[in-house]
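This report concerns only the one structure given below.
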Amino acid sequence: MSSSGGSSGKELVEGSSSPTLSRYESQKRRDWNTFGQYLKNQRPPVPLSQCNCNHVLDFLRYLDQFGKTKVHIQGCVFYGQPEPPAPCTCPLRQAWGSLDALIGRLRAAYEENGGSPETNPFASGSIRVYLREVRECQAKARGIPYKKKKKVTAAAAATPSQGSSSKGNCDESSPSTTMHFS
């Protein structure tokens, strides 16, 4: 996602000496701080420099308890139905798309805060495998096969797209501490 004018999503508000972050940058900061707090709450606390993909996987599983997406289990009568006619007791989970976006933001935040791309736990193959399994499981539970989007060919890319959508920015800036590597 790029902003106009070469800005990195941080723009100065008139009359203010601190930058107002874009919605994406604000969310990335919140996610980064949440992950840091999660590591601090582990027993014993895990320093960011010792964080690995297993900590990230545990964090993703921990977040499931706050999910809002009904994922039917295999024994459920509604398993495989895209729009079940009645409620059931299946668990609520984090949606695959939310987890995928979260990992993307945390992957970027890790490197922006001094982490090396070579040691980025959010870029690990095991994280990609986990996300793929979640996506497939949720698609089966809803009875909707996940179809990978086809890559755009050069001829199709030359044709202007019809109708573009624009999302408004939500400027939420709050002072917070940012974790950095030592």
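If you go along the chain as it appears here, the first residue is 1 and each next one adds 1.
The backbone N, Cα and C atoms fix where each Cβ goes, glycine too.
Summarising the annotation, TrEMBL assigns region 'Disordered' to 1-27 (among others).
Per TrEMBL, compositional bias 'Polar residues' is recorded for 15-24 (among others).
Note on the domain 'ALOG' (23-150): mean pLDDT across this stretch is 93. Sequence annotations record features per position, and here TrEMBL assigns domain 'ALOG' to 23-150.
The region 'Disordered' annotation in TrEMBL covers 145-182 (among others).
Marked as compositional bias 'Polar residues' by TrEMBL: 160-182 (among others).
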Write out how many residues of the domain 'ALOG' (23-150) are helix, how many strand and how many coil, based on DSSP. 76 helix, 4 strand, 48 coil
